[in-house]
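Chemist: Structure provided below as structure tokens; questions to follow.
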Ligand code: G4P
């Protein structure tokens, strides 16, 4: 995805060798044309997989997730990190530890929206250690549904997320793979 690679290279800001700030187009301000292209690309990569739902996690996963769901003509579900006032019915719950933030969140999805027979595409904005994607996959499996794959906008390939997810048998497709942020420089795989 040339459009996305250009954005990362031109607008990405390296913080402390491990974190890439991309809040001009992905994590704060969002670029709808880019999001639409991202959705189309995930839909192309996972075409023919009979996907029935896209699953992401709030908040930055929602924009690429909804555009992917639109391109696949299915619904998007986003897992919540905060307790919802109205989410009072039965829920799937998983604990997700963030090494980056050093905190554990309980993520929740209503049992109404996932069922055995669903083929679920997990989409997220970043892949670092893979904890969020694993938590989402465990929720899909709690529901008796199937993980069709994991679509990531920006993968930090120098962190273990891809390795652990592929080792667990999941197909991971990342649109941009960052090999290194050392010395303040963005290098792609
Ligand atoms: P993991 O799920 O792969 O293990 O990642 P980790 O716990 O390390 O990430 C925690 C949060 O930090 C996630 O967002 C993730 O998207 C974000 N993150 C991780 N590495 C980077 C990075 O290099 N740059 C940016 N911009 N974000 C990164 P979150 O807390 O869920 O935030 P949000 O979705 O509400 O924005």
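Even glycines carry a Cβ here, placed using N, Cα and C.
From TrEMBL, here are the annotated features:
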| type | residues | note |
| --- | --- | --- |
| BINDING | 20, 27, 156 | xanthine binding site |
| BINDING | 128, 129, 130, 131, 132 | 5-phospho-alpha-D-ribose 1-diphosphate binding site |
| DOMAIN | 45-157 | domain 'Phosphoribosyltransferase' |
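Let's see these features in context: how buried, what's close, how far.
Modeler: Counted within 10 Å of its Cβ, the other Cβ atoms near residue 27 (xanthine binding site) come to 16, all protein chains included.
The 10 Å shell around the Cβ of residue 132 (5-phospho-alpha-D-ribose 1-diphosphate binding site) contains 26 further Cβ atoms across the protein chains shown. Classification of residue 132 (5-phospho-alpha-D-ribose 1-diphosphate binding site) by DSSP places it within a helix.
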Chemist: If I take the Cα of residue 131 (5-phospho-alpha-D-ribose 1-diphosphate binding site) as reference, which of the binding-site residues 20, 27, 156 has the closest Cα?
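Modeler: For residue 131 (5-phospho-alpha-D-ribose 1-diphosphate binding site), the closest Cα among 20, 27, 156 is found at 156.
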Chemist: Please classify the secondary structure at residue 27 (xanthine binding site) using three-state DSSP.
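Modeler: In three-state terms, residue 27 (xanthine binding site) counts as coil.
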Chemist: List, in sequence order, those binding-site residues among 128, 129, 132 whose Cα sits within 10 Å of the Cα of residue 156 (xanthine binding site).
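Modeler: Checking Cα-Cα distances against residue 156 (xanthine binding site), the binding-site residues within 10 Å turn out to be 128, 129.
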Chemist: Applying a 10 Å Cβ distance cut-off over all chains shown, what neighbour count does residue 130 (5-phospho-alpha-D-ribose 1-diphosphate binding site) have?
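Modeler: 26, counting other Cβ atoms within 10 Å of residue 130 (5-phospho-alpha-D-ribose 1-diphosphate binding site).
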Chemist: Just to verify: the residue among 20, 128 with the fewest other Cβ atoms within 10 Å, which of the binding-site residues is it?
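Modeler: Checked 20, 128; of these binding-site residues, fewest Cβ neighbours within 10 Å: 20.
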Chemist: What is the separation, in Å, between the Cα atoms of residue 129 (5-phospho-alpha-D-ribose 1-diphosphate binding site) and residue 20 (xanthine binding site)?
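Modeler: Distance (Cα to Cα, whole Å): 14 Å.
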